Amino acid sequence: MANRNNVTEFILLGLTENPKMQKIIFVVFSVIYINAMIGNVLIVVTITASPSLRSPMYFFLAYLSFIDACYSSVNTPKLITDSLYENKTILFNGCMTQVFGEHFFRGVEVILLTVMAYDHYVAICKPLHYTTVMKQHVCSLLVGVSWVGGFLHATIQILFICQLPFCGPNVIDHFMCDLYTLINLACTNTHTLGLFIAANSGFICLLNCLLLLVSCVVILYSLKTHSLEARHEALSTCVSHITVVILSFIPCIFVYMRPPATLPIDKAVAVFYTMITSMLNPLIYTLRNAQMKNAIRKLCSRKAISSVK
């Protein structure tokens, strides 16, 4: 296989080849990346430092924010630095690392969002059993399952891609390495592999998305027996979670639940689910959550007081 693989690096065309647009891309995506990192790190620090945020919901939210920070760091820094240069290349091993990182963190996030939906279901539909069911060791186990599941998903994907022969061309019409862009460059028949990718990525996204939507429907149906205040709080939680699910899953389903072909819109979709979603998630979960907003205010005021002293 090594003799058939003559490609040592790939050329990335990026979002655009227009020099003026590349300067705009540098500024815009630098702002997006910085905001995403600040927002997600702020949530992790706030939850870790706030005794009032010790429930399983915030435990999972802290991990989700950590994953979002990691996920946005897989491709965004290279996109930003590449916008400063005319020639955009990535080594073969670097390309494989990008693919692994992207699918690892995305796989962890997909499973963790499903875990969070289960947590919401138990909290709203079975409140009397919540502390019994969602014990600390159970929460830690569920997070561990998310990490293992993401690792297995990414490992399976990368093992198949690494075995493909790349004889040239080596030009990728994208700003990052992704499965479909790579298998289209392979000098062998990849039809079966394309179907496998659709099953391993697209079908998993679709299945988890349906499970999440069903859980939300069950939760909303059960709210008719709750008080008005409880309904409002539960509805706010569900709306935030449904919004994040839609932002995370719809692009995944669009990209992978189709034949292995690259479309012009794929770049815009990739920007959305690799960068924009990671920036929006902290806003979605904090703007509608009074406890999070209060905890952030207390943390900021504490830091301000300590800096004055």
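Note: Cβ is positioned from N, Cα and C throughout, glycine not excepted.
Quantities reported herein were computed from a predicted structural model and do not represent experimental measurements.
Taken verbatim from Swiss-Prot:
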- Cys95-Cys187: disulfide bond (DISULFID)
- Asn6: N-linked glycosylation site (CARBOHYD)
- Asn87: N-linked glycosylation site (CARBOHYD)
- 1-23: topological domain 'Extracellular' (TOPO_DOM)
- 48-55: topological domain 'Cytoplasmic' (TOPO_DOM)
- 78-98: topological domain 'Extracellular' (TOPO_DOM)
- 119-137: topological domain 'Cytoplasmic' (TOPO_DOM)
- 157-193: topological domain 'Extracellular' (TOPO_DOM)
- 218-233: topological domain 'Cytoplasmic' (TOPO_DOM)
- 257-267: topological domain 'Extracellular' (TOPO_DOM)
- 288-309: topological domain 'Cytoplasmic' (TOPO_DOM)
- 24-47: transmembrane segment (TRANSMEM)
- 56-77: transmembrane segment (TRANSMEM)
- 99-118: transmembrane segment (TRANSMEM)
- 138-156: transmembrane segment (TRANSMEM)
- 194-217: transmembrane segment (TRANSMEM)
- 234-256: transmembrane segment (TRANSMEM)
- 268-287: transmembrane segment (TRANSMEM)
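For Asn87 (N-linked glycosylation site), the same-chain residues 6+ apart in sequence whose C-beta sits under 8 angstroms from its C-beta are Ile11.
Counting other CB atoms no more than 10 Å from each candidate's CB, the disulfide-bonded residues Cys95, Cys187 peak at Cys95. Recorded residues Cys187 (disulfide bond) and Asn6 (N-linked glycosylation site) have their alpha carbons 11 Å apart, per Cα-Cα distance.
Sequence-distant contacts of Asn6 (N-linked glycosylation site), defined by Cβ-Cβ distance under 8 angstroms and a gap of at least six in the same chain, are Phe166, Cys167, Gly168. Same-chain residues lying 6+ beyond the ends of the topological domain 'Cytoplasmic' (218-233) with a Cβ under 8 Å from its Cβ atoms: 120-121, 124-125. Ranked by Cβ pairs under 8 Å to the transmembrane segment (138-156), the stretches 56-77, 99-118, 194-217, 234-256, 268-287 are led by 99-118.
Note on the topological domain 'Extracellular' (157-193): residues 1, 4-7, 9-15, 75, 78-79, 82, 90, 92, 95-96, 98-100, 102-103, 200-201, 255-256, 260-262, 266-267, 270-271, 274 of its chain, located 6 or more positions outside it, place their CB under 8 angstroms from a CB of the stretch. Residues of the same chain lying 6 or more positions beyond the ends of the topological domain 'Extracellular' (257-267) and with a Cβ under 8 Å from any Cβ of it are 15, 173-175, 179-181, 183-184, 190-191, 193-194, 197-198, 202-203, 205-206. Look at the topological domain 'Cytoplasmic' (119-137): DSSP puts its residues at 16 helix, 0 strand, 3 coil. Counting residues 6+ beyond its ends, the topological domain 'Extracellular' (78-98) has Cβ neighbours under 8 Å at 5, 7-15, 19, 22-23, 25-26, 29-30, 33, 158, 161-162, 166, 175-177, 182 in the same chain.
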